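Record features, source TrEMBL:
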{"type": "DOMAIN", "residues": "577-742", "note": "domain 'SSD'"}
{"type": "TRANSMEM", "residues": "296-318", "note": "transmembrane segment"}
{"type": "TRANSMEM", "residues": "578-599", "note": "transmembrane segment"}
{"type": "TRANSMEM", "residues": "611-635", "note": "transmembrane segment"}
{"type": "TRANSMEM", "residues": "641-664", "note": "transmembrane segment"}
{"type": "TRANSMEM", "residues": "684-711", "note": "transmembrane segment"}
{"type": "TRANSMEM", "residues": "717-742", "note": "transmembrane segment"}
{"type": "TRANSMEM", "residues": "789-809", "note": "transmembrane segment"}
{"type": "TRANSMEM", "residues": "1058-1079", "note": "transmembrane segment"}
{"type": "TRANSMEM", "residues": "1086-1107", "note": "transmembrane segment"}
{"type": "TRANSMEM", "residues": "1113-1136", "note": "transmembrane segment"}
{"type": "TRANSMEM", "residues": "1157-1176", "note": "transmembrane segment"}
{"type": "TRANSMEM", "residues": "1188-1211", "note": "transmembrane segment"}
Amino acid sequence: MKTRYCVFYDECGRNPLLNNTLVDPIVPCLNYTRAQLITGNHYKILKQVCPMFDQGENSTYACCTIKQLASLEKSLTLSKAVLVRCPSCAYNFAHLHCINTCSPNQSQTVKVTKVLNVTELNRTREAVVGYQAFIGKTFADTSFQSCKNVRIPATIGGYAIATMCGRYGAKLCTPQRWYDFQGDSSNGLAPLDIDFKIIQEGDTTGVPEGVVPYDGVALMCNETTPTGGDVCSCQDCQESCPSVLPPPPVAGHFTLLGTDGYLKIIHPSEVTCAETNSLAAQAFLSSQFRIWGTIIASYPLTVLLLSLIVVAVFSVGLKDIKLTTDPVELWSAPNSRARQEKEFHDTYFDPFYRTNQVILTAPGRKGHIYDSLLFGPQNFSGIMSKELIIELLELQTRIQFWSDDLNRTASLKDVCFAPLNPNNPSQTDCAVNSLPQYFQNSLDNINAKVYMTQLGVTKEVDWRDHLIYCLGSPLSFKDITDLGMSCMADYGAPVFPFLAVGGYENDAFSSAEAFILTFSLNNYARSDPKFKVAMQWEKEFLKIVQEYQKDPKNSFTFAYMAERSLEDEINRTTAEDIPIFMISYAVIFVYIAVALGEYSSWKRLLVDSKFLVGLGGILVVACSVLASMGFYSWIGIPSSLVILQVVPFLVLAVGADNIFIFVLEYQRDVRRPHETREEQIGRVLGNVAPSMLLCSLSESVCFFLGALSTMPAVKSFALYAALAVLMDFVLQMTAFVALLSLDARRQDNNRCELLCCIKVSKQRPKKPNKGFLMPFMKKYYAPVLLHRYTRIIIVVFIFMFCGALFLMMNVKVGLDQELAMPQGSYMLTYFQYLNKYFEVGVPVYFVTKKGFNFTSVDGMNAVCSSVGCDQFSLTQKIQYATNYPERSYVAIPANSWVDDFIDWLNPQSKCCRLYTSGPNAGHFCPANESGLICTKRCLGRPENDTVRPTVEEFNLYLPDFLTNRPDLQCSKGGLGAYDKAVVRDESGEIIASRFMAYHTPLTNSQEFTAALKMARELADEITVGMRSVPGTSPDFEVFPYTITYVFYEQYLTIVNEGLFNISLCLLPTFVVCCLLLGLDLRSGLLNLLTIVMIVVDTVGVMTLWSIDFNAVALINLVTAVGISVEFVSHMTRSFALSIKPTRVERAIEATAKMGSAVFAGVAMTNLPGIIVLAFAKAQLIQIFFFRLNLVITLLGMAHGLIFLPVVLSYFGPGVNKAVLLQFQQEKEKDREKAETNSHMRQVYDNITQNKNSFEAKVGKLL
């Protein structure tokens, strides 16, 4: 073939072989003629459309007319809309098609293969409807490489080439497949068939004689264009990326070397002053409580009445009680960063839409291999069948109901999220993501089929061919089959495959194991009437799905959820588990009532029982809780379900211990001569009340300090618990003492309990009733425990403590949402399906605040990721993060309204035009309007092909961009994708905007927390970079936001928060113990050491028993400190005040006397109630109330009744000499008094004897 010869020239009309195309298929005329010299306007247009042919106005030849150039420009404009962000790609793309259409050497690179007669305006000519184009491999490969990474920001990381490679999508696209799609007339864009032949340099095989494959120079993506276009950005061109260091490797887990630990106790010198202070403190407290107890016992009915009045006054506040059920309000502080960011996001943008989802599978159904005419053999899983797709379509159209709030039948359109028509949506405007959307939810489209010929083979193509194509190219407006159907959803947006199907590998979507059906609803404010309609729609949705699940004709196995499901299920399980808590408290009550009784004889069984005393103790606990709740409700501090479940349990544990100590001490005591019943009760109270005060005051101060926590749930719990414990102590010192006085009066009168009119004849034994436990502990348990060989058990506790320290370093932090669900909940199945089938995580927004100038060139460059943008811009840094998804937890790059706005403005596309005539002249003209009335572009063509609007142009056209609906003519319109992503104030300043990316699939709270941490680090880096832009406010900020962050933020700081709270709780236990024991530092330290060991060991067991550390666990650990005080402090005080000569003997006495009361009052009170909780349906209760409280109780019992007595026997304080001296002085006084009484009795006897002798003698004389 000769140089400067054409094979076709000029336009002949429409291609008669093509119908239903997206653009008019205008074909050229067969015309073997010389290339024409191009001059004048013809030359100017050629220079603009095909600048690579420019040889000067009088030296440029071409094989195309002005009409052909206009058609070529129109065709190129559609592709440039998505390619223009990479100038070298757009240039190469135009280069290729200019070679075929206009090359002056067209006859050397093109061979016509098919012609037809075409009649246009009554003129018949031969038209070219098919030809071969021969291209050199280097040119083809370089062109492809320059375009393969160009992205479409609105698709959240999608590649432009995915829409230009047909069935193969971006992942499987190659240069040959890319060119094949461009030359395939069935794609709706190509006007004729072009068979591209890519020829290796030097290889003439298959090349016709005279044909010379085009071997021009294609630009690499990191090269500038001859027209002045800049290099492509890093996001679109890997070769343009700077060298970015990979993140440092993850630090290894902490390991504890095998170093032996040791316990070192510093023995302080015995200080007489301290011993005196201790005695004075005990004497003062005992005397005050003795007087108090005597007075209270003397007027029991009056005291009970006054106590009831006080409780009633406090409880009046319950009428204003508010239960906080919103998890955000419970676990996230109002001033926390996540809450403030959520409020900012929800203030400027719509709240995150409500998600209602069904994940469907069809296990057991056999798949099949479909031999597609266009795509070859394709594996279709069992669920990928037409029958199931139709069944899924029927399911998603069922839900409608009568709405009282709207006074009419309501359906999805009344509450749905409709991004492209938010003001007056129809049913088809609703954002429903599902596989039938690839068929526009049309049964006719699903059933459509047609015969098609490809390469001489004719076969039927049907829904499977269309689906294969759409799964690979979801942005296409027309598939490549003769079906000619769109892939876009009926609401006008694409449905990405990862949102429609799940359970696939390597993007083999047709072999997916699950369908995903998602309804997105607007998240209305609770005060909006439509909020009730949305809740009603979700209720109806759940009802229909559940009925469908029970239908035997249903072909699916599936899981489902509604936005309301979490709250519904939590409320349901709370209601169902209330009886469990009631049974738990009933078991505790029965135990207390039985255990407090004295059982000396069957005849006195009803007299010596303590049913009413036990009931009174329970009522005291209930009244203290009611008073606490009423008081805080009165002052406006809300309650929560955690408080209702935990505080009564805690106060019952503390209160029962004090009740047992008091009642058992009274039963073991013998009334002294000339002592009244009231005085005896006062004296007994004086003996035990200081110990009760020590524990109650320690716990109350502990909880009040715990209220310094930043977590609302922990703070409110601490406040409620602190006042409840304090009120419990006050009521025990008043109402319970009065109640015991009344019961003692009844018992002294031998009257039966409950049947007070009945008296028994058998008298009460004079000797004290020591029960079973105290003699057993004194005779067997304590001596065995404190034997010199068995005391070595302390080593076991030390090893336990060291092991627990190691395990504590490995405790998992978090709370998986599955644990909040009851066993058997449909939400558990949903979470399993979600983790198994979903291939992408939750969307994450990078939100910008006020203070950044987007309108400046520097501002746009600091955000965008296309040509001319900064290498480390906002979107580019997010792109870099996706290179390390295992570390950044970001899987898909962010969309960018700035990038798409710039592309939308680009004059090479037809997106932004102006009316040139009519009433709207000078205003924005949509791309679907005729070019005859909209001939002017919004912006002129820039010299370097890098489009940047001026400040005035930016502000003028941004509103038009945000309201422009995307379509085939202009896919860059911002409506739907960005109209709610940019917020401007009245002056037009952008005060908030957001850029949406996607996290990787996150399956547990540890991953959610790590994702939050890494997203914040990334946002902080972005903030630093953007603040360096001139004119940026110093307080400008970028932050990440997704709906889950507000729940998981607590886990970033909960370890420090927990250490702080527990330390605050431990401090008062040490201080109060020291003060009430008269500055006894050693007792305080041993007390503190034992409680610390209980808490540390508890955390260690949490690691072994799969109990994660979270706010609920923290509340229980704070409770553990309070319960540990009960196990420890009574024993420590008893030991400190004992006057036995050796530490071992004092430890035995303390264990026998106080250990029995602690065991009966704390351990045996808690254990039955805890065991009942094992039968609760809620996993949260089973794990954090049954398991954790069982661990706390058992460890507390072991340390209080085993470790502490042994430690005291080794390191306890010496005998308090002041107490011993007082005891000796009292004993000496008693001895002297006894001797005096004996002497006086002897004198009296002598006098009596003499008197009798004298009277006898007188009688004899008389």
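Each residue's number is its place along the chain shown, starting with 1.
Each residue, glycine too, has its Cβ placed from N, Cα and C.
Panel annotation: around the transmembrane segment (611-635), residues 307, 310-311, 314-322, 585, 588-589, 592-594, 596-597, 643, 647-648, 651-652, 655-656, 659, 663, 716, 719-721, 723-725, 727-728, 730-732, 735-736, 739-740, 743, 753-754 of the same chain, lying at least six beyond its termini, place a Cβ under 8 Å from a Cβ of the stretch. Of the candidate ranges 578-599, 789-809, 1058-1079, 1086-1107, 1113-1136, 1058-1079 has the most C-beta pairs within less than 8 angstroms of the transmembrane segment (684-711). At the 8 Å Cβ cutoff, the transmembrane segment (1113-1136) and the transmembrane segment (717-742) share at least 3 close pairs (sequence separation 6 or more) and count as touching. By number of Cβ pairs under 8 Å, the transmembrane segment (1086-1107) is matched best by 1188-1211 from the list 578-599, 641-664, 717-742, 1157-1176, 1188-1211. The stretch from 641-664, 717-742, 789-809, 1188-1211 that makes the most Cβ contacts under 8 Å with the transmembrane segment (1157-1176) is 641-664. Here the transmembrane segment (717-742) has Cβ contacts under 8 Å with residues 289, 292-293, 296-301, 303-304, 306-308, 311, 314, 612-613, 616-617, 620-621, 623-625, 627-629, 631-632, 637, 639-640, 642-643, 646-647, 650-651, 654-655, 658-659, 662-663, 666, 677-678, 681, 685, 689, 692-693, 696-697, 699-707, 709, 1061, 1115, 1118-1119, 1122 of the same chain, all six or more residues outside its ends. Between the transmembrane segment (641-664) and the transmembrane segment (789-809) there are fewer than 3 Cβ pairs closer than 8 Å, counting only pairs 6 or more residues apart in sequence, which means the two stretches are not in contact.
Per-residue confidence over the domain 'SSD' (577-742) averages 83 (mean pLDDT, predicted model).
Within the same chain, residues 274-282, 285, 690, 693-694, 697-698, 701-703, 705-706, 708-709, 714, 718, 1085, 1087-1088, 1091-1092, 1095, 1109, 1114, 1117-1118, 1121-1122, 1125, 1129, 1132-1133, 1136 sit at least 6 positions outside the transmembrane segment (1058-1079) and bring their C-beta atoms closer than 8 Å to a C-beta of that stretch.
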